[in-house]
Amino acid sequence: MFEWLFGSADPTALLVSAARAGDTTEASALLRAGANIHGANKFGNTALHEAAYWGHVEMVALLLASGANVDCANEIGWTPLHEAGRMGHTAVAVSLLAASASMDHTDKDGWTPLHQAAWYGHAGTASVLVAQPGDVLCLCDHKGRSVLDLARLRHHTTVVDVIQRALAKELGHAIENGNAMRVRQLLTAGASTAKATEARAGTSPLVLALRHWSCLVQLLKHPNVEVDFATEGDAMTPLLHATSMGCKASVGLLLLASANVDAIDAATGRTALCLAATHGHVEIVDLLLADGANVDHKDLTGRTPLVAASEAGHLPVVRRLLAANETRCRDAALHVAIARGHRDVAAILYAPLPVRSIPEAPWIDLSSATLLGDGSYGVVYKALFQGAVVAVKIPKAHGLASFHCEVAAMTKCRSPYVLPLLAVIHPTSPTPQMVLPYMDGGSLRSLLKTSAFPISLWRVAWVIANALLDLHTMQILHRDVKSDNILLSVDGRVLLSDLGVAREVLDLSTLTNGVGTPYWIAPEVFEGGHYDAAADVYSFGVVLTELSTRKMPYWDAALKGFALIDAVRAGEVRPTLATDCADWFRDLTHRCLLHDPKLRPSASDIVALLAHHRDSSVSTRTASDAGA
């Protein structure tokens, strides 16, 4: 009775009818009887069209096995796969695709099977279709609409999500292959710059493109680019990634695209400038500073870019940051530069204030001050000066000349490794006062007596060696290097103090006196003849034995008093080292303590050796004394 609609009941029409009904028995009989499997009804639908439209999976399999044309199009251009897409028959679509059905065949409106699935909201079928190779995601219909446009137009959110994920996956592959043209096509089709790709564990497209400059350009040209997008599992913006990777060109492009120059990595609290400073990317630092990066930002550990660059020893970066007026954390930066052995960085960070000479001010009241030390030439108190806790040194009656010599030496030698002179009150009076920083950690000698030693032994040796290098470079001999004159602070600073007996090398008349403290005095000083910077090196070697044993020099010597001094002068005895002393440290100490001054290393040699062993241990028993 449906002949008026489907045509006469010839074998072809009967086959189409059987396919529509899903009657595989009837269809098989008709095919054996010679029915034309490629025959179509008056709408151009073949048996395979009908089976696909109605979702008859077994019928589709039968027809395909019998040689049906999988890509045959009806009068409006629909293939069997169009029918499956339109009706959402996912299993049928799978069978057709297995038979190599075309994904990009378009109907008279320019629609592919995926367009059909998107328009009608069939997410399951769409998932199967987008997984196939081809360019169908980027194909637009005759009205210029992509599959994503159609799904959005019909508010099929599930299908939209399927297509967006597929676009993100394709975008990731295109970027990794450096295919800028494909990137542009996918962006035009609706690929988002703010959706994680499947490549590299959910990396964002912009981050993935950082090493593919042409692809990055295409992404940044996109009108809806989200230049600061960070995925949930990453939390770093593209600018942070580009900076960490050292991609200067990518950093420049991102900044031109108005990336947030002060975006923060939530995991570390670092900005791009912090990262660039840490890694020493000088040119990137320049770009970030030019874009107005915040030089005062502190990461989660409290480090500013200047501190990070100083700790890593990146001198050019430190120079850039100082030029950008980053001075708020200069002291902290200097502290870490010294601790990590970066002499060149410490030199430019050190900005000593001029010594203040105060002839008219009242003397500091020391009546209730705390006594810190009572030496041969002067006394030191803990007191207040202009609201700050300081150390105040006053000369003894016979120590005025030594006092003035110390002022002269400290004024001349402005070193980050030497205790600085802050002010001199009534410098020309018989009772002058010297104002010095208060070092709340005490002396090295007092600290060595304790069970805990919070500062690395390497750092102590490094600071004293550098102090001697600075003094000797300025033609100044210290002449009293010992653990009592090495001061520390609770925050880890180490400084060489007490230049009261320091003399300029050219002042030969004073370099024949047996000046110094006996246990630390070099043999040639005992002889009363001329000596030079090598005498300070010998005293430094004695300090090294203290660092190793944590005991007084010659603590285990059988000789005492003048007998010990005579043995030292004759080169018959030297202070000992701990048995677990590291070989490099033992060798350095022995060289410093050589009897012949000409054979001892210079301060410059010592600094170079210590720099080489910055991360080494002083002891073979533990690594706790490394210079970290």
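Even glycines carry a Cβ here, placed using N, Cα and C.
According to TrEMBL, the ATP binding site annotation covers Lys393. What TrEMBL records for 366-615 is domain 'Protein kinase'. Residues or ranges marked as repeat 'ANK' by TrEMBL: 43-75, 76-108, 268-300.
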Long-range Cβ neighbours of the repeat 'ANK' (43-75) (under 8 Å; 6 or more residues past either end): 15-16, 18-20, 22-24, 27-28, 31, 37, 81, 83-84, 86-87, 89, 91-92, 95-96, 99-102, 105, 107
Lys393 (ATP binding site): tally of other CB atoms within 10 A of its CB: 27
DSSP-derived structure type at Lys393 (ATP binding site), helix or strand or else coil: strand
Integer average pLDDT (0 to 100) for the domain 'Protein kinase' (366-615): 88
Within the repeat 'ANK' (76-108), residues counted as helix, strand or coil by DSSP: 17 helix, 0 strand, 16 coil
Residue counts (helix, strand, coil, in that order) that DSSP gives for the repeat 'ANK' (43-75): 17 helix, 1 strand, 15 coil
